[in-house]
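*Asks:* Starting off with a structure, shown below.
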């Protein structure tokens, strides 16, 4: 779980996302509150529920990007889902409870990786011993029994060579555990326990089979370390820790929530829209979901919802769900200045990406300040005249601008190009000024 302060979280988000300080502050406080809650006494901790967030703003202003970056910073089970992928219980499609099941799977994977890191040193030692046993097999007596004769000097010499990598390319034959045969059983929701028992039965029938494999020592060592680490990790403890991690630190980001609102003037009983909201409500309020790893309580899972709300308003959400999203954050539409900053300031900005890509062909690209200003203006103009798709318009404009250089780059190795205002005007002016063309091409 992340122990970063709100200021540190905002600073980290600033490296990738331009502007939108209100949204950054809201998610950073919510993330820090997860840590604060864990410092409380157990009795009080149970009473402190997360303050869920609703992010409102036009498309392409950074809502989804904030979620993506937050996932990396959270160091906790995190899942991003699209609200439009789900349908009401009883209809064909995914049910909202699969969100928690997928989150539990993510937590198990994260916990397994952490637990395997803890036993890595012991696993490495055990893997080394197995390889040394293959390289220096103990002598056998007349009856084929292995004699316990220790030659410490030779073993230590081989161990040293193994650790230095001198034996990496030598081929050996080892016994490797075969992956257990996974039998996928499609069962109705709520019958996960039965499914697990059947899967466990099939896995036990297949048993832990081994197969001889001829591998280079470097590859064999990697395989054996994983095998030994998996053997040292207690699977039951792992599941318990994973479920606790989901319940106490889990974060769910629900994108496109405005698409499941009941639109104004539409009085038809739209099943898939309002029904999904009603199914989502118990998860946000707090309920218990059955997963293949065990029962998961959702009382303390943080939910962050986002939507453009162009065809609907937040008030079109059902009242109970509105009440469960108390923190509202509005993200502002992007201006020319924002576009200019997006092109230059973030880590691995779009201009840096194009410079690096062309460098692989030996072509040197430089973006002049006047060129960047003109690209930003062109993107903003097209957004204003046609559909406003926010920062995503920059991808379209830049791809069109760089098309000629990208196509001829392999024949122009060693050449240099400066992208200034004149270059941008020559390549984009007719497209930007002609509304019909920009509608179809930009």
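Note that Cβ sites are derived from N, Cα and C of the backbone, with glycine treated the same way.
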*Asks:* Of the candidates 133, 255, 258, which one does Swiss-Prot list alongside 18, 60, 61, 62, 63, 64, 65, 320, 392 as binding ATP?
*Replies:* 255
*Asks:* Cβ neighbours within 10 Å, counted over all protein chains: which one of the binding-site residues 18, 61 has the most?
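*Replies:* Of 18, 61, the one with the most crowded Cβ is 61.
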*Asks:* Report the member of 65, 320 (the binding-site residues) whose C-beta atom has the most other C-beta atoms within 10 angstroms.
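*Replies:* Selected residue: 65.
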